[in-house]
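*Asks:* Below is one structure. I have some questions about it.
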Amino acid sequence: MKAWIWFTFVACLFAASTEAASNLVCYYDSSSYTREGLGKLLNPDLEIALQFCSHLVYGYAGLRGENLQAYSMNENLDIYKHQFSEVTSLKRKYPHLKVLLSVGGDHDIDPDHPNKYIDLLEGEKVRQIGFIRSAYDLVKTYGFDGLDLAYQFPKNKPRKVHGDLGLAWKSIKKLFTGDFIVDPHAALHKEQFTALVRDVKDSLRADGFLLSLTVLPNVNSTWYFDIPALNGLVDFVNLATFDFLTPARNPEEADYSAPIYHPDGSKDRLAHLNADFQVEYWLSQGFPSNKINLGVATYGNAWKLTKDSGLEGVPVVPETSGPAPEGFQSQKPGLLSYAEICGKLSNPQNQFLKGNESPLRRVSDPTKRFGGIAYRPVDGQITEGIWVSYDDPDSASNKAAYARVKNLGGVALFDLSYDDFRGQCSGDKYPILRAIKYRL
């Protein structure tokens with residue numbers, strides 16, 4: 001009898017350990033379908049990734065500014081060319097896969113209605129019902145398994161460098177608040193968002209649809225999320241624990257964009273600009289660890305260096321000059337896909353190039369805490385300096401290991417189109433995705 005009890009106990013422990021870190025949530029930016037050149041991700045390319053993903057988040061539907069209803073931001077692709085249906089139909093080939101439609105994200109830019117997501121929270125009930133019904137209709141009509149809310153809230157103001165004077169006070173002041181208050185009505189918006197999520201969940205419950213929440217980069221969870229209340233409303237939360245510093249937000253200094261842990265504090269780094277702080281905060285509020293997915297980016301943030309940035313490349317790097325030029329694949333200044341980054345590192349094809357074509361110097365992270373760095377300083381021959389903070393397969397694997405140690409639900413990958421989906425780096429397609437899957 002004692003042997004049987006011991007066997008049962010061990011079996012339960014094993015089941016619990018295998019249940020944790022089982023999610024690999026893959027974000028799919030459908031705008032990659034319309035890119036030109038090597039960044040164009042077609043459905044056959046997408047399908048290769050699905051064997052590794054537990055969930056696919058289709059991005060992005062938007063919020064129509066005029067009536068605050070959910071809608072496809074590219075109806076020609078999503079509806080008339082049947083991309084919604086083409087992607088959800090892949091579940092027949094990959095029956096383990098759940099496909100969710102994401103509303104919001106940082107793609108939904110509307111200069112005429114810049115505050116529309118807050119307007120929805122503050123709006124009349126009839127407008128909120130219109131949003132909920134329109135979102136439900138998209139999910140139901142096109143065969144999605146649920147809805148993801150990548151809700152837009154005001155972001156923390158960018159970090160600023162301060163001298164030693166007043167440093168201790170500023171660190172305490174910013175610990176939970178960011179640099180400055182950006183929303184004087186945040187407490188009210190927190191209540192309103194919880195009520196909206198509750199109503200969305202009620203609309204999805206009868207069909208058994210999933211509801212997830214994406215916490216976008218630099219959104220302060222203490223301001224906007226009633227975490228204990230959300231626990232009973234969402235199936236899981238994806239924390240976008242990256243882009244803590246970017247060349248757009250921090251044009252004059254470069255630093256780690258997505259460290260797991262807080263780097264040394266001697267350079268006035270804020271305590272909350274790392275993945276562990278964000279995870280620990282959600283856990284401290286009673287949110288179950290197995291409902292948290294750790295966000296990992298498949299791209300790097302790239303700053304333009306100047307002659308005053310120095311030659312060593314050790315962060316914090318001063319006197320940078322905003323975003324580096326866009327890459328051939330990502331086509332966004334200051335952002336390089338992993339395929340673009342690995343192509344710039346030293347290899348047999350570029351190791352003898354000089355000047356502005358010379359390869360980047362890779363700086364490894366023996367601590368496995370902060371992620372990779374690569375740079376090319378400005379010197380006598382080089383006028384186009386660049387400094388990149390990024391995750392490669394090794395550092396992404398370290399983050400998957402962190403998720404396991406913390407008993408998290410898994411990892412959320414942002415996104416498939418910036419991984420090396422063509423296998424240009426090592427011959428393996430989706431090397432970051434694979435590295436995470438093999439470590440979970």
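In case you wondered, yes, glycine gets a Cβ from its N, Cα and C as well.
Keep in mind it's a predicted model, so treat the numbers as computed, not measured.
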*Asks:* Swiss-Prot annotation: CYS26 disulfide-bonded to which of CYS12, CYS53?
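*Replies:* Cross-referencing Swiss-Prot, the cysteine bonded to CYS26 turns out to be CYS53.
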*Asks:* Check the candidates ASN220, ASN356 against Swiss-Prot and report the one noted as N-linked glycosylation site.
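*Replies:* Annotated as N-linked glycosylation site in Swiss-Prot: ASN220.
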*Asks:* Fill in the CA-CA distance, CYS425 (disulfide bond) to CYS26 (disulfide bond), as an integer in Å.
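*Replies:* The Cα atom of CYS425 (disulfide bond) is 20 Å away from the Cα atom of CYS26 (disulfide bond).
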*Asks:* Could you measure between CYS26 (disulfide bond) and ASN220 (N-linked glycosylation site) for me? Cα positions, answer in whole angstrom.
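*Replies:* Answer for this pair: 23 Å between alpha carbons.
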*Asks:* Taking the Cβ of CYS53 (disulfide bond) as the centre, how many other Cβ atoms fall within a 10 Å radius?
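*Replies:* The Cβ of CYS53 (disulfide bond) has 25 Cβ neighbours within 10 Å.
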